[in-house]
Structures are given as structure tokens and as C-alpha cells.
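**Student:** My structure is below; once you've seen it, I'll send some questions.
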Ligand code: ADP
Ligand code: ADP
């Protein structure tokens, strides 16, 4: 299964990606996570990406696409993958299509996580990430009294780009650059929308129900 998750920042892509990828035994490839790992590792890629990420802008396509091409070339991605956060504009989607076609592959399905703006803002304001295992939590919805990960005991942190002002800009970037992907993939006939409101497990269930007919 070659799957893409799209939706606004805060829709729950990362949260759902961890469960869906594990259910389907495919690697979860999150461009945001790869960029953040490079930022903390102090690599050249990280230094370049950070200036864009801090503003809430997209990292330039050449850089992002080269990184995804390398990751998709690895052995574990040959029989399927779940992309979270890529593609994020129509040029990235077109290049992804061509790249996969060159390898005799194609996307099977694009799942759109649908939530309204108010919910997105609430979700981003309370988002915390584990510095050790990368698991995503929410202060209010997961009733986090401490700053420790319930899964591994690691320390939780708030992302720099989840500040209110940056969030607003990221939502604009989503509307302008990423939302057009919905029509792009609808025209390709591989888009399915999933209601991403309600408890995490219910959303996972809805996503798995949407995926099942596309499993080979
Ligand atoms: P969210 O989960 O809130 O939507 P991500 O973790 O996916 O955010 O992305 C964080 C930041 O990383 C983005 O704001 C952008 O700067 C950069 N980024 C991630 N994926 C891409 C991409 N496909 N193209 C360009 N920039 C990206
Ligand atoms: P994205 O990757 O789309 O930016 P995340 O998966 O990081 O979104 O989720 C954003 C925040 O919302 C996190 O704090 C996460 O714990 C929380 N969240 C995700 N799904 C739900 C849900 N169904 N109900 C309540 N909170 C959720």
C-alpha cells in the first residue's frame, strides 16, 4: 500500500500515521520529522530547513524532494509506505508521481483528514511531542499533568512553530499551497476524505475502513 495523508497542520496526520503505518506494517515517512531530526542533529540540511520552518514557510521543493527521493529509495519502502506531510504543493505531487512512475510504482490512495479551523487551532496549541520516541500527545485531550511521555518516559516538548503567530501563517500556507492537492488527487481518482473529529481511535477506525477496499 502506497498511501499519502493530507490535511491542515494539527489535523492529526502524525498521530494517525503512527497507528495506520503500524497496522499496515509499512514505514511512516514524515518530512516534518526528518527535517526536525536534521535540525537537532545540526546538519547542513537542518540549518537550511530551520529558517523556513521557524517562519512556518515550506522548505524549498528541490531540497525536500531530494530528501524524499533518498528515503523512498531505501529497502523498507519498496513494498509500500505512508507519507505524512509530503507532498505539500502541486509541484511536489507532480514530481512524486513521475518519480514513482520511473520506478514502476504509483500511489494507491490519498486520505484527506477533515477537521475545521477551530479544532485545528486547539489541537496545535496543546500539542506536545516526546523528545525520545517522537510520540505525539495533547495536554488537554490526553490529560497530561506532567511533561513525561506515557509510552517511554521521555521528556515532552512544544514545537517552536506551534506558537500562535506561526500557526496562523502555517494555516495560510496550507490554504494557498497544500489545499489545491485535494483537487489534484480527486482528479486522479485516488482521494478519500475521512472525518478526523472525535477520539483518536475512532478516527483510526474510519481511516482503516477507508483504506481496506484499496488493499491489494
Ligand atoms: P504539521 O504536522 O504541523 O503539518 P510538519 O511536521 O508536517 O507540520 O511540518 C513542519 C514544517 O516542516 C513545515 O511547516 C515546513 O516548514 C517543513 N515541511 C514539512 N514537510 C514539508 C514539505 N513536504 N515541503 C516543504 N516543507 C515541509
Ligand atoms: P498533524 O501531524 O496533522 O499536524 P498531529 O498528529 O501532530 O497533527 O496532532 C496535533 C495535535 O492534536 C496533537 O497534540 C495530537 O495529540 C492532537 N490530536 C490528534 N488527533 C486528535 C483527536 N482525534 N482528538 C483530539 N486530539 C487529537
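Using the three backbone atoms N, Cα and C, a Cβ is placed for every residue, glycine included.
In TrEMBL, annotation is done automatically, which means it is predicted and not curated.
The structure displayed is predicted, hence computed values, not measured ones.
Got these off TrEMBL a minute ago, pasting:
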- 10, 11, 12, 13, 14, 15, 127, 198: ATP binding site (BINDING)
- 30-59: region 'NMP' (REGION)
- 31, 36, 57, 58, 59, 85, 86, 87, 88, 92, 159, 170: AMP binding site (BINDING)
- 127-161: domain 'Adenylate kinase active site lid' (DOMAIN)
- 130, 133, 149, 152: Zn(2+) binding site (BINDING)
**Student:** Using all protein chains shown, find which of the binding-site residues 130, 133 scores highest when you count other CB atoms within 10 A of its CB.
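**Tutor:** Neighbour-count leader: 130.
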**Student:** Between the two most separated Cα atoms in 31, 36, 57, 58, 59, 85, 86, 87, 88, 92, 159, 170, the residues recorded as binding AMP, what distance in Å do you get?
**Tutor:** 25
**Student:** Quick one: Cα separation, residue 130 (Zn(2+) binding site) versus residue 159 (AMP binding site), in Å?
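**Tutor:** Here the two Cα atoms are 10 Å apart.
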**Student:** Going by DSSP, is residue 149 (Zn(2+) binding site) part of a helix, a strand, or coil?
**Tutor:** coil
**Student:** Residues with Cβ closer than 8 Å to the Cβ of residue 86 (AMP binding site), same chain and 6+ apart in sequence?
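**Tutor:** Sequence-distant Cβ neighbours: 4, 29, 31, 64, 68, 92, 96.
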**Student:** Quick test of your reading of the structure: among the binding-site residues 11, 57, 59, 86, whose CB sits under 6 A from ligand 2?
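**Tutor:** List returned for ligand 2: 11.
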**Student:** List those of the binding-site residues 12, 31, 86, 130 whose Cβ lies under 6 Å from any atom of ligand 1, in sequence order, or write none if there are none.
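**Tutor:** If the test is a Cβ under 6 Å from any atom of ligand 1, the answer is 31, 86.
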**Student:** In Å, rounded, how far does the Cα of residue 13 (ATP binding site) sit from the Cα of residue 88 (AMP binding site)?
**Tutor:** 13
**Student:** Have a look at the binding-site residues 59, 88, 149, 152, 159 and say which one has the shortest Cα distance to residue 10 (ATP binding site).
**Tutor:** 159
**Student:** For residue 88 (AMP binding site), which residues of its chain lie six or more apart in sequence with Cβ-Cβ distance below 8 Å?
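**Tutor:** In sequence order, 31, 58, 64, 177, 178, 181 meet the Cβ cut-off.
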